[in-house]
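Following: one structure in structure tokens, then a few remarks.
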Amino acid sequence: MSLLLQQIVNGLVLGGAYVLIALGLFLVFTALHIPNFAHGEMYALGAFLQYTLVVGLGMNFFVGVALSAVGVAVIGALLEISVFRRLASRTLITVLVGSLALSIVIQELLVMVWGKDVLAVPAPMQGMVQIGGIRITTYRLLIIVVVMVVAAIAGWLVYRTSYGRQVRALAQNREIAEMTAINVGGIGTITFALGAGLAGIAGALLAPTVAIEPRMGFHPTLVAFMILVVVGGGGRMLSIVLGGFLIAAIEVLAGSYISHVAQGIVVFALLVVFLSVRPEGAIRQGGVQKVTL
């Protein structure tokens, strides 16, 4: 039993990355209707920037997390203005191909700048915390806490601020939003920056726990899309958070009790079975697929 609980706690750390990446993807897709397959590269970029700031420049780890998040958010805003704003009026297949192409371009740029070798960032704190029969490193516990705080702040921005009201209006009816005083272009840029920033925080925060390499964002991006699919069209931000932690727990348990190879296979095999039985997702709204905030 203690081993099971230990693995679930380990899954919470991995789930932290999935939660922040999926929340950013969810915001962008909901408000702008753009399925951004280059979103995982923002996660990778956050980790690479953290490596440069902490290992290369000797900066304080947590200052590095903040600067990495801001840097990735700025890059996200620039990508929205220069690439995705032009793709938004195109067909869905054009957007998909465009974002996939951008993903490959960013990966190759990461190789050019940082090389192909796997990089590592040291954890900012050592030590273990024991809760009952469960042991977890102090830093991993901090990751879980920070993820929950960041997710709560993102929820507050969406549900309790003027910006959030404009995002929800844009998500519900873009045409009507464009006829009001809402600055659709500005809101789109801010939302893209926020989504990229969330992925950047995940990359910088989890840099000590993962192998930093140019293609590290591919699997988390697939999982993030899986989370959006599983919670269905009626998914809210809380559903994304719960889905991220749940899928990470399943993945970690599969790796522990079956095999490391099965870790990724089990999750996506369950997705195939799930969609075969319930193709509309886990949550429905009146039988009509509608993404909402």
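Heads up, the Cβ atoms here are built off N, Cα and C, so glycines get one too.
Marked as transmembrane segment by TrEMBL: 12-34, 54-79, 91-114, 134-159, 180-202, 222-250, 257-277.
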The transmembrane segment (12-34) in contact with the transmembrane segment (257-277), cutoff 8 A, at least 3 CB pairs, sep 6+: no
Recorded stretch, among 54-79, 91-114, 134-159, 180-202, 257-277, maximising Cβ pairs under 8 Å relative to the transmembrane segment (222-250): 257-277
When counting Cβ pairs under 8 Å to the transmembrane segment (134-159), the leader among 54-79, 91-114, 180-202, 257-277: 180-202
Chain residues outside the transmembrane segment (257-277) and at least six past its termini with a C-beta under 8 angstroms from it: 219, 222-223, 226, 229-230, 247, 250-251
